[in-house]
Amino acid sequence: MSMENKPNVTEFILHGLTQDKTVAKVFFALFLLFYATIILGNLLIIVTIKTSGQLNSPMYFFLSYLSFLDISYSTVTAPKLIYDLLVEKKTISFVGCIAQLFVGHFFGCAEIFLLTAMAYDRCIAICKPLHYTNIVNKHVCGWLVAASWVGGFVHSMVQTLLTIQLPFCGPKEIDHYFCDLHPLLKLACTDTYIIGIIVAANSGVISLSCFVVLVVSYAVILLSLRTRSSEGRLKALYTCTSHITVVVLFFGPCIFIYMRPSTTFSADKIVSVFYTIVTPMLNPLIYTLRNGEVKNAMKKLWSRKVKWSEQ
C-alpha cells in the first residue's frame with residue numbers, strides 16, 4: 001500500500017447493537033447462549049458424521065463442512081459482539097477491522113457456494129438416483145468443497161483490496177457491531193460511488209446468481225417428482241425441506257444487505273444478526289430435527305459414550 005493511501009485512522013469505534021446498558025446485559029446473556037449453541041450443536045453434527053458408519057453419503061459429507069463453516073463464520077463476529085456488550089468503548093484496530101472484513105467474507109461466500117453445491121447434490125440424488133453414486137462421487141465432492149473455498153477466497157480478496165486502498169482520515173465511528181463493507185465505505189475520505197458499484201456487483205451478484213441456481217435446481221426436482229408416487233414425492237421433498245429452510249434464512253438477509261448500492265440502513269444490524277448468528281445456530285436444529293438418520297446416529301454415539309463411562 002502506497003504512502004499516500006496509508007490510513008491516518010489506526011482504530012475504529014463500533015456502535016454495537018445497542019447503547020442501552022440494561023438491554024446490552026440482556027443481549028450479552030442471549031448471544032452468549034446463541035454462540036455456545038452454535039459451537040456445541042455444529043460440533044455435535046461434525047463428530048456424529050465423522051464417527052458414524054451410516055452417514056457416509058455425499059449429503060452428510062457436505063453437511064459436516066457446512067457445520068464447520070457455521071462455527072468459523074459466527075466466530076468472526078460473535079465473540080467480539082459479546083465482549084463489546086459489556087464495555088463502554090467498543091474499539092477495533094484498523095488491521096483487526098480489515099482482517100474481520102476479509103475472514104468474514106471468506107467464510108460467508110464459501111458457505112454460499114457450499115449451499116449451492118448441496119442443492120446440486122440433492123438434484124442429482126432425486127432426479128438420477130441410479131447414477132447418483134457415479135456422478136457425485138468422493139472425487140467430485142472434494143472438488144466442489146475445494147471450489148467453495150477458492151471462490152470464497154477470491155471474492156474476499158477482491159472486497160478487501162478494494163477497501164484497503166481507500167483513505168480513512170476523518171470520522172472513525174462505525175454504526176455496526178462488526179466491520180463490513182458498506183459502513184467502511186461510508187467513512188472513506190473520498191468518493192466511493194464506483195467502488196460501491198463494484199462491491200455490490202461482487203457480493204450481490206454472487207448471492208443472487210447462486211440463489212437462482214438453487215431455485216432452478218429445486219424447480220428441476222419438482223418437475224421430476226411429477227412422475228413419482230405420492231409417497232416418493234413426500235420422501236424426496238422431506239429430504240430437501242431442511243436445505244431449503246437454511247437457504248432462505250441465509251440468502252435472504254445476504255441479498256438484502258449486499259444486492260444494493262453502497263448505502264446503510266438502520267435495520268442492517270438486525271438483519272446481519274440473522275446470517276452471522278441466528279442461521280448458524282439454527283442449522284444443527286434444522287438438520288437433526290428433520291433427519292431420522294442423524295438422530296439415530298446421535299443416539300448410537302450417546303449410547304457408546306455411556307458404555308465407555310460405565311467401563
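Heads up, residue numbers simply count up from 1 along the chain you see.
Every residue gets a Cβ built from N, Cα and C, even glycine.
Per TrEMBL, the features are as follows:
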DOMAIN    41-287  domain 'G-protein coupled receptors family 1 profile'
TRANSMEM  26-47  transmembrane segment
TRANSMEM  59-78  transmembrane segment
TRANSMEM  98-120  transmembrane segment
TRANSMEM  140-158  transmembrane segment
TRANSMEM  193-224  transmembrane segment
TRANSMEM  236-258  transmembrane segment
TRANSMEM  270-289  transmembrane segment
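Sequence-distant contacts of the transmembrane segment (98-120) (same chain, six or more residues past either end, CB-CB distance under 8 Å): 59, 62-63, 65-66, 69-70, 72-73, 76-77, 80, 92, 136, 144-145, 147-149, 151-153, 155-157, 159-160, 163-164, 178-181, 184, 203, 206-207, 210, 213-214, 217-218, 243, 246-247, 250-251, 254, 275-276. Proximity of distant same-chain residues to the transmembrane segment (270-289), defined by a Cβ-Cβ separation under 8 Å and at least 6 residues beyond the stretch ends, is recorded for 17, 31, 34-35, 37-38, 41-42, 44-45, 63, 66-67, 70-71, 73-74, 76-78, 81, 104, 108, 176-178, 180, 242, 245-246, 249-250, 252-254, 256-257, 295, 298. Residues 105, 109, 112-113, 115-116, 119-120, 122-123, 126-127, 151, 155, 158-159, 162, 166, 181-182, 185, 236, 240, 244, 247, 251, 254-255, 258-262 of the same chain lie 6+ residues outside the transmembrane segment (193-224) yet bring a C-beta within less than 8 angstroms of a C-beta in it. In the predicted model, the domain 'G-protein coupled receptors family 1 profile' (41-287) has a mean pLDDT of 87.
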